[in-house]
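Peer 1: Below you will find the structure I want to go over with you.
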Amino acid sequence: GRSRISPSSKSAMGFWFQSNESKNKLVTKDLAINSHLGSNLLKNGDNNISQKANLDITVVEPHRKSRFYYWLSLIALSGVSLVATIDATYGEGRDKYQNLALLCSGTTLVISFVVSLMHISSVTTRYVVGTKFEGLCSYILMICWDVGLAVMSKPDNNLALDKDTGYIKNANIYFSSWGAFVVTVIIFAKYIQSIHNINLRAELKRRPRRLTLWFGLMASSLILSGSSGDIYTSKCETENSNISFCVIANRSVILGLCTGFVGLGMACFLLFSSENAKTLIFLSAELVVSFVMATVNGIGVSHITRESGPGGVINNLFFASWGCLCLSIWIFFNCLDEISSNKEKRQIERACYHDMSRREVLTKINGNDQIYTVA
């Protein structure tokens, strides 16, 4: 009952399989040739195609979107600051400092609005994104808000802070001015990062984690000393000034300057000598320095922020003193955590080395393989 295949049918089937295989090879070869030609057309003819179709192809950098959102935020913050400053000085004779605050807010609103519109349009994007124009605008606004923040936060100008008590008089001016200053710094930093192709996250991962904390401590200490100096100048140059109040304000200036120098020194060492910063000796020294900073700033906060102190009300001095204390404590615990983690790593390495030293070691003596156990 079995069916047999004749030799002629076998040869016919073999020819059929061979012809199909050859057809498949030809199809595969044609596809490869077509794909190769297509890729060459895409590589070599993209300029001609774009010119014929009148297409405007613009390469957009990855930092464009993030900076665009910051420019939009700057529109909102400068608008709030402008309206709040006009409302606070309405019906009064404005002095030169109040006019300077209005000029800073108005200039920022106009420039940020124009730059944001240029970010939206594909025609004008090439003239603003990553160009010298954007860098110049961001640098001018950063300097503008550096001056504007000092003017608005000074109690004598009677804008954000009250002239007599020093507490926050107008929260809209106070927080919008601080927010605009921070945003302008971020925009300028991102612009520098984009034109020099700096991967900031990768660079920070290579450095110790406490680098940004030390820079933050330095910035907070500068605000601490500057705010204390303004309060001392406005409150302690009269005959009826409170002696204890002025002594605390004077010591706050000294505390801010000393903390700033320590923060700058530690940050520079971590930045330029990151390999030595991982050693146990430096970590122990950094732990001691951060403990001293936390202790000194803790004592300073207890005197500055008490009811009769210069930071007893909600002002720049209040936030700066608490910021220095919190950052000092954060650095201390960060050093402690890294020391303990390094200690655990060394214990694991010693355990692995001790375990390997007890294994059987194969040695050759006089051409004969002998096995010795090392205790």
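Counting begins at 1 with the first residue displayed.
Keep in mind that glycine also has a Cβ here, set from the backbone N, Cα and C atoms.
Where the annotation comes from TrEMBL, it is an automatic prediction and has not been curated.
Computed from a predicted structure; not experimentally measured.
Sharing the record's features from TrEMBL:
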type	residues	note
TRANSMEM	68-88	transmembrane segment
TRANSMEM	100-121	transmembrane segment
TRANSMEM	133-153	transmembrane segment
TRANSMEM	173-192	transmembrane segment
TRANSMEM	213-233	transmembrane segment
TRANSMEM	253-273	transmembrane segment
TRANSMEM	280-305	transmembrane segment
TRANSMEM	317-336	transmembrane segment
Peer 1: So which residues does the transmembrane segment (213-233) touch in its own chain, when a touch means Cβ under 8 Å and the partner is 6 or more beyond its ends?
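Peer 2: Same-chain contacts beyond the ends: 150, 153-156, 166, 246, 249-250, 252-260, 262-264, 266-267, 270, 293, 310, 315-317, 319-321, 323-324, 327-328, 330-331, 334.
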Peer 1: Let me spell it out: take the transmembrane segment (317-336), skip the flanking residues so only those 6+ beyond its ends count, and list any with a Cβ under 8 Å from a Cβ in it.
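Peer 2: Same-chain contacts beyond the flanks: 209-210, 213-214, 216-217, 220-221, 223-224, 227-228, 231, 252, 256, 259, 283, 286-287, 290-291, 293-294, 297-298, 300-301, 304-305, 310-311.
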